[in-house]
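*Asks:* Please find one structure pasted underneath; my questions will follow.
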Amino acid sequence: SLSAGLDLPGRFLFAILTLMTLIANLVFIEEAVYIYRKIPSSKRSIIIWVNAAAPVIATTSCIGMWIPRSTMFTDFTAAVFFAIVIHKFLLMMIKECGGQKLLLRRFENGHFKISTGPCCCCCLCLPRVRITRRTLFWMKLGTFQFAFFRPVLMFLSIVLWTNGNYAPYNLSPKGAAIWISCFIGVLTILALWPVAIMFQQVRTLLVCKKIISKFALYQFILILNHLQTAIINILAMKRIIPCVPPLSSSARGAYMINQLLIMEMFLITLISRVVYRRRYDDLEPPECTAEEDGDNKQNP
């Protein structure tokens, strides 16, 4: 534990960040209770999973901040959870359209625009793909493979790390870290692509359900948890983040990542509560009302 070696400002910072994590978890629990009471059962678990991403990452970052040696395990937990959230976000968009059957009925003559990020945003000549049950299956498989393989690869990383064969900061071709990281990167891109394709298709239909704000929050979590972490790790490896005894450059980089993520996930949790909280006593646009009626018929 680091708490014994902290000065007064350091202890104050750690206390504030721990309080932020606690508040984020309490806000999430209150929101989960609200969702459970107000939202149809077909959507409950998916929306709770998506909402849980920020408080879970804040909690794992807080544990990693207080117990530095647990960083490998906290990173494993956060990575596995967010891999599942990516799959759940795609399912949430399908559910918000009234389910797969209603989605196929709405877009029976429609086509998916597949020339979108992160895979093919520059390939404008790609043909559009018809919206069918098979294409939906392949899109679900695209996100599910990440939710399946990411935990397997992270588990393999921990096994190699405990055996001394895996060092996260050793990116030489002879080390395992560079190959596992590259493979995870490819799987990540393949998982993000179906989510972006689906969002482009349904964003106008689901404007009344704040899908653009929800997608923006999901993107923020993705960027902060992956891109920001990668940039700080690279700066630490290149010694641009200086070492301050007894902390090495990599240790200081890990502390910066954990502390930034706690603050960022705290803010995202508060914003998520506003975005996902819907006033059911207000009048809604006809399309939204029709979808809610469809949900009620499916789940009497």
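Every residue, even glycine, has its Cβ placed from backbone N, Cα and C.
Unlike curated records, TrEMBL annotations are generated automatically.
According to TrEMBL, the transmembrane segment annotation covers 12-34, 46-67, 73-94, 137-161, 176-195, 215-236, 256-276.
Tell me about the setting of these features in this model.
*Replies:* Beyond the transmembrane segment (12-34), the same-chain residues lying 6 or more positions past its ends with a Cβ under 8 Å from any Cβ of the stretch are 3, 6, 48, 51-52, 54-55, 58-59, 61-62, 65-66, 259, 262-263, 265-266, 269-270, 272-273, 276-277.
Below 8 angstroms of C-beta separation, residues 1-3, 14, 17-18, 20-21, 24-25, 27-28, 31-32, 35-36, 39, 74-75, 77-78, 81-82, 84-85, 88-89, 91-92, 95, 214, 217-218, 221, 225, 254-255, 257-259, 261-262, 265-266, 268-269, 272, 276 of the same chain, each at least six residues beyond the ends of the transmembrane segment (46-67), sit close to that stretch.
Same-chain residues lying 6+ beyond the ends of the transmembrane segment (73-94) with a Cβ under 8 Å from its Cβ atoms: 43, 46-47, 49-50, 52-53, 56-57, 60-61, 63-64, 100, 103, 136, 139-140, 143-144, 146-147, 150-151, 154-155, 157-158, 191-192, 194-195, 198-199, 202, 206, 211, 214, 218, 221-222, 225.
Long-range contacts of the transmembrane segment (137-161) within the same chain: residues 72-73, 75-76, 79-80, 83-84, 86-87, 90-91, 167-168, 176-177, 180, 183-184, 187-188, 190-191, 193-195, 197-198, each at least 6 residues beyond the stretch ends and with a Cβ under 8 Å from a Cβ of the stretch.
Same-chain residues lying 6+ beyond the ends of the transmembrane segment (176-195) with a Cβ under 8 Å from its Cβ atoms: 83, 86-87, 89-90, 93, 114, 116-120, 138-140, 142-143, 145-147, 149-150, 153, 156-157, 160, 165-170, 218, 222, 226.
Residues of the same chain lying 6 or more positions beyond the ends of the transmembrane segment (256-276) and with a Cβ under 8 Å from any Cβ of it are 13, 17, 20-21, 23-24, 27-28, 30-31, 35, 47, 51, 54-55, 57-58, 61-62, 64-65, 71, 210, 213-214, 217, 220-221, 224-225, 228-229, 232-233, 241.
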